[in-house]
Amino acid sequence: MVNKIGLFSLQLFGIPFLIRVLFDYDILPVGAQVYSIFGFIMMASLVLIIASAFMQRGALGAIFWIFDLAGLLGDVMSYTRLAGVGLATFYLATSFNMLADVFYDIIPGVAGMVIGVILAIVVLIFGHAINLVLSGLTAFIHSLRLCFVEFLFKFYEGGGREYSPFRLKTPASALVGGK
């Protein structure tokens, strides 16, 4: 439990502090003194994580806390995949818009403009429909995967009794006469 509190406070105060220190960008509208307090809280969180790991696992816990932080970084990177899905959706939609623009201008003259408009409308409708279906499906699948694979096992503790489905118990009987 103490380890989880340390990880939570490390994320809550460490991320704004590191963004300010590494990128010189103020993510929160607070003064420089508040960011220095965030730095101290971040260091205290690291000490809390190391001490908790040491108390839980003994001497090896002083080393294994690094795996907790690596797991946290892996979780953040997994959630970043959703941002990648969003960017892919945007660029695919932009590509369909550019393709429709090319069809609109491809044939010169009035007849070409009419054919180009029809082709552009077809490309826009089908392209954006495909993009909408694919982006919705990928966002749904990735979100479910993150919930069940990355997130759920941290809070779920299997307990209780093993599942055994209902069944009819019949005594063994012998067939006489081959029937």
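Each Cβ is built from the backbone N, Cα and C atoms, and glycine gets one as well.
The feature transmembrane segment, as given by TrEMBL for the ranges 6-23, 60-77, sits at 6-23. Same-chain neighbours of the transmembrane segment (132-153): 75, 78-79, 81-82, 85-86, 88-89, 92, counting only residues six or more beyond its ends whose CB sits under 8 Å from a CB of the stretch. Beyond the transmembrane segment (35-56), the same-chain residues lying 6 or more positions past its ends with a Cβ under 8 Å from any Cβ of the stretch are 2-3, 5-7, 9-10, 13-14, 16-18, 20-21, 26, 62, 64-65, 68-69.
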